[in-house]
Amino acid sequence: MALVPCQVLRVAILLSYCSILCNYKAIEMPSHQTYGGSWKFLTFIDLVIQAVFFGICVLTDLSTLLTRDSGNQEQERQLKKLISLRDWTLAVLAFPVGVFVVVVFWTIYAYDREMIYPKLLDNFIPGWLNHGMHTTVLPFILIEMRTSHHQYPSRSSGLAAICTFSVAYILWVCWIHHVTGMWVYPFLEHIGSGARIVFFGSTTILMNFLYLLGEVLNSYIWDTQRSMEEEKEKPKLE
């Protein structure tokens with residue numbers, strides 16, 4: 001009974017991300033026309049990651065319904081691969097990158113919005129779209145973690161993957177600065193080289209911490225639920 005509501009919920013979340021991406025890409029902002037386009041912003045990359053992840057979730061749900069009680073071993077093997085891809089994507093990308101974007105964006109925004117999201121952007125990006133990019137990501141991913149158990153990869157391989165992503169994006173930001181002479185984010189213009197190194201190193205550490213947080217949260221949610229189910233199954237004492 002729980003599968004159908006989960007399917008509907010995931011489809012709704014996927015459609016919301018598709019709407020956010022379409023609306024964002026339709027905005028004619030000067031930064032979209034410069035080197036790197038939208039792909040220089042971690043927020044946009046995260047939106048793509050979330051859309052792809054929930055697309056995999058929807059595909060997994062459809063495959064589960066189609067292969068249920070079919071007895072086809074090949075279909076079951078393909079479904080297991082799809083589930084493994086879904087779980088890996090959540091563990092390594094969707095959760096740590098999504099939470100990172102929300103936490104870092106609103107932390108810097110609260111300190112000085114001009115450093116991360118200048119008021120000029122209000123003329124291009126409506127408030128609902130800003131929250132769609134920087135706020136709803138967190139509850140959406142937490143809902144997904146609560147509705148389905150996800151098998152995390154080995155801790156070493158998971159941390160290696162998120163480190164690779166973090167370093168790759170930092171190098172991409174540095175390359176854009178090398179080509180254009182401008183930093184992707186305004187606050188990087190106002191700090192020295194040493195401070196940038198510290199910042200980039202701190203973001204990589206934070207990404208690793210968020211990966212571990214996701215692993216712990218996933219285990220806590222499902223270990224707690226499993227304990228509750230086992231408690232309910234115990235025979236009641238007269």
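Heads up, the Cβ atoms here are built off N, Cα and C, so glycines get one too.
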Where TrEMBL places transmembrane segment among the ranges 2-19, 128-145: 128-145
Remote residues contacting the transmembrane segment (157-178) - C-beta distance under 8 A, at least 6 residues beyond either end: 35-36, 40, 42, 45, 91-93, 96-97, 184-185, 188, 200, 203-204, 207-208, 211-212, 215
